[in-house]
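What follows is a single structure, written as structure tokens, with notes after it.
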Amino acid sequence: MSILRSVLSRQPAGQRVLPFVVILFGVTVLASLGNLLVPESSSLHVSTYTITLLGKYLSYAMLALAVDVVWGYCGILSLGHGAFFALGGYAMGMYLMRQIGDRGVYGHPTLPDFMVFLNWDSLPWYWFGMDQFWFAMIMVALVPGVLAFVFGALAFRSRVSGVYLSIITQALTYALMLAFFRNEMGFGGNNGLTDFKDILGFSLQSDGTRVALFIATAVLLALVYGVSQWILGSRFGKVIEAVRDGEARVRFLGYRTDRYKVWLFVYSAMIAGLAGALYVPQVGIINPGEFAPLNSIEVVVWVAVGGRGTLYGAVLGAILVNYAKTRFTALLPDGWLFALGALFLLVTLFLPKGLAGLYGQVREGLNRHSNTPATAEETTP
Amino acid sequence: MTAHPHSLELFRRDRVWPFLMPPEPRVDVSHQVILYVEGLNLSFDGFKALNDLNLYVNDGELRCLIGANGAGKTTLMDVITGKTTPDSGTVHFGQSIDLLHHDEARIAQLGIGRKFQKPTVFEAQTVADNLELALKTNKGILPTLFSQLSSEQEDRIHSVLHTIGLVQQKRLLAGNLSHGQKQWLEIGMLLVSEPRLLLIDEPVAGMTPEETERTAELLTSLAGKHTVIVVEHDMEFVRSIARTVSVLHQGSVLAEGTMDQVQNHPDVIEVYLGEDA
């Protein structure tokens with residue numbers, strides 16, 4: 001098959017993926033073993049809390065990767081990716097709700113507690129099929145994908161770009177937040193979906209399930225990383241980068257740039273949905289707060305800190321900023337937003353390429369210092 | 001024109017419906033003319049950028065367009081390449097292809113290449129990648145995703161690199177090239193796309209005399225196999241390459257002919273060259 005040949009022959013993409021996967025899997029295996037095999041008394045024991053926290057960071061990393069694919073490579077600054085993340089999360093949450101069965105507070109065999117509370121007598125049509133894992137997983141990718149397609153087709157075909165596009169993505173996520181806050185929507189109103197019991201028959205409270213979810217997140221992150229690297233390394237990726245630097249010129253080369261942008265946006269939204277689906281069972285709740293416009297802006301900050309235009313930068317940024325957030329909110333709960341704002345300012349001013357660009361920046365600085373002619377011409381961005 | 005040109009277009013009895021046309025129309029040049037521009041009008045907020053403009057370009061010709069700023073040269077190129085829609089008039093590529101019915105991407109695929117006034121290469125990508133993007137291939141999404149350079153295409157890129165003198169810089173980022181080299185790279189991007197018609201906007205702006213001379217040689221060698229339309233301000237350069245010159249003034253063609261004919265044309269002397277005297 002020519003497809004298979006073209007997949008295998010792209011050596012540079014493989015070289016970029018391998019170190020990432022090795023490090024990611026190394027950490028995952030060590031942390032998992034530290035939780036399951038090392039006794040709790042040992043100082044090497046990794047608590048279940050830490051495992052869940054790591055799993056959460058990795059699903060955030062996947063969301064950051066989704067934003068980086070459209071922002072870093074194609075220049076589409078989406079401030080609404082939190083919406084796709086939350087939609088994927090809701091699809092997973094609906095499945096987990098149906099898994100509760102008659103173990104809810106009201107003990108109704110099919111209806112979730114909040115519907116009994118609202119005196120509904122049957123499931124709304126869009127809840128059908130969500131008790132099947134495979135169906136829910138299709139919805140995890142399909143719902144964000146379809147929304148992104150409709151939104152992207154409308155926006156990119158009418159050539160909306162730049163700040164205007166960013167503003168309407170904010171409006172999109174804000175509108176969805178208001179809609180999901182309404183009880184009549186049938187998604188649990190402002191309480192959202194919670195009190196999950198088990199996934200695929202395994203209790204969500206057990207250590208084994210927690211570790212399995214963490215490992216699943218790591219494996220899927222590696223997979224998404226590899227696929228994204230392959231896509232961006234193809235000629236499609238070159239077109240995407242060219243669109244970022246001069247869309248009109250690409251059109252005159254004969255490429256329908258709006259379609260390229262729509263499909264990249266759909267791909268990115270589906271990754272964001274998958275990230276949301278991995279996030280929900282580990283955190284145990286999904287509510288309309290996930291649609292908050294501020295959440296989507298935070299994701300952009302993670303990517304900027306890590307370095308946009310490099311996928312590992314986005315992953316690194318998401319993990320580091322969220323680790324800082326965990327630490328910081330424990331010390332000074334009200335100060336986090338100020339710290340985040342300051343971080344964004346500092347990075348924009350002093351690290352335009354983020355942490356991933358730090359190495360190149362330092363080397364360039366040293367070169368200039370020692371007055372040797374710039375050898376930076378060979379570096380790739 | 002009415003408010004819904006496309007809905008009425010369906011009921012016109014003098015033409016075949018677009019969706020019944022064969023998918024890959026050939027450029028029909030059986031009458032030796034490759035580009036027909038007829039009765040073009042376009043105004044921006046009352047300013048008439050194009051005023052009943054008529055222009056015919058023969059297949060294989062090298063045509064120069066000259067005219068003062070605001071004469072409508074760049075606007076004409078915008079209309080031909082689908083960037084701007086005129087208020088009225090027609091543009092045909094060969095006898096059968098109506099360019100006003102296609103978007104920029106399709107027009108490029110039909111074989112009309114354009115070089116902009118300001119060099120616009122993709123600076124974050126290598127010289128070779130820039131050429132690869134411009135190659136004449138299927139520009140659909142899936143073919144692009146799974147595409148690989150065939151040895152034929154690699155040869156093509158290599159021969160163009162030779163022509164534009166950038167073989168050494170193949171792996172260099174385009175952003176690191178000099179201004180003249182960027183101009184050449186952009187001409188190279190036109191060449192690999194193997195267009196029938198090339199629209200070239202001020203090719204020698206900012207070039208050294210030697211570079212200008214080489215560009216002149218290249219453009220003259222292209223004519224014959226391709227049709228070339230050049231917009232240029234540099235009169236020396238125009239004189240060195242042009243056989244036929246069209247003078248644009250206030251959105252329409254004022255005079256047409258050889259450089260000498262045009263320069264001795266009374267209208268031209270009055271409105272354009274007269275300013276210099």
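Every residue, even glycine, has its Cβ placed from backbone N, Cα and C.
According to TrEMBL, the transmembrane segment annotation covers A:20-38 (among others).
Long-range Cβ contacts of the transmembrane segment (A:58-90) within its own chain (Cβ-Cβ under 8 Å, at least 6 residues beyond either end) map to 140-141, 143-144, 147-148, 161-162, 165-173, 176, 180, 187, 193, 214, 217-218, 220-221, 224-225, 228, 232, 237, 240-241, 243-245, 261, 264-265, 267-280, 282, 286, 288, 290-293, 295-297, 299-300, 302-303, 306, 308-311, 313-315, 317-319, 322. As annotated by TrEMBL, transmembrane segment applies to A:58-90 (among others).
According to TrEMBL, the feature transmembrane segment maps to A:134-156 (among others).
According to TrEMBL, the transmembrane segment annotation covers A:163-181 (among others).
Here TrEMBL flags A:211-232 (among others) as transmembrane segment. Same-chain neighbours of the transmembrane segment (A:211-232): 7, 10, 13, 16-17, 20-21, 24-25, 27-28, 31-32, 35-36, 51-52, 54-55, 58-59, 61-62, 65, 69, 73, 199, 202, 240-241, 267, 271, 274, 278, 281-282, 311-312, 315, counting only residues six or more beyond its ends whose CB sits under 8 Å from a CB of the stretch.
Annotated transmembrane segment per TrEMBL: A:262-280 (among others), in sequence order.
Non-local neighbours of the transmembrane segment (A:300-324) in the same chain are 20, 56-58, 60-61, 63-65, 67-69, 71-73, 77, 79, 221, 225, 228-229, 232, 339-340, 343-344, 347-348, 351, 353-358, 381; each lies 6+ residues outside the stretch with a CB under 8 Å from one of its CB atoms. What TrEMBL records for A:300-324 (among others) is transmembrane segment.
Residues or ranges marked as transmembrane segment in TrEMBL: A:336-359 (among others).
Stretch with the largest number of CB pairs closer than 8 A to the transmembrane segment (A:134-156), among A:20-38, A:163-181, A:262-280, A:336-359: A:262-280.
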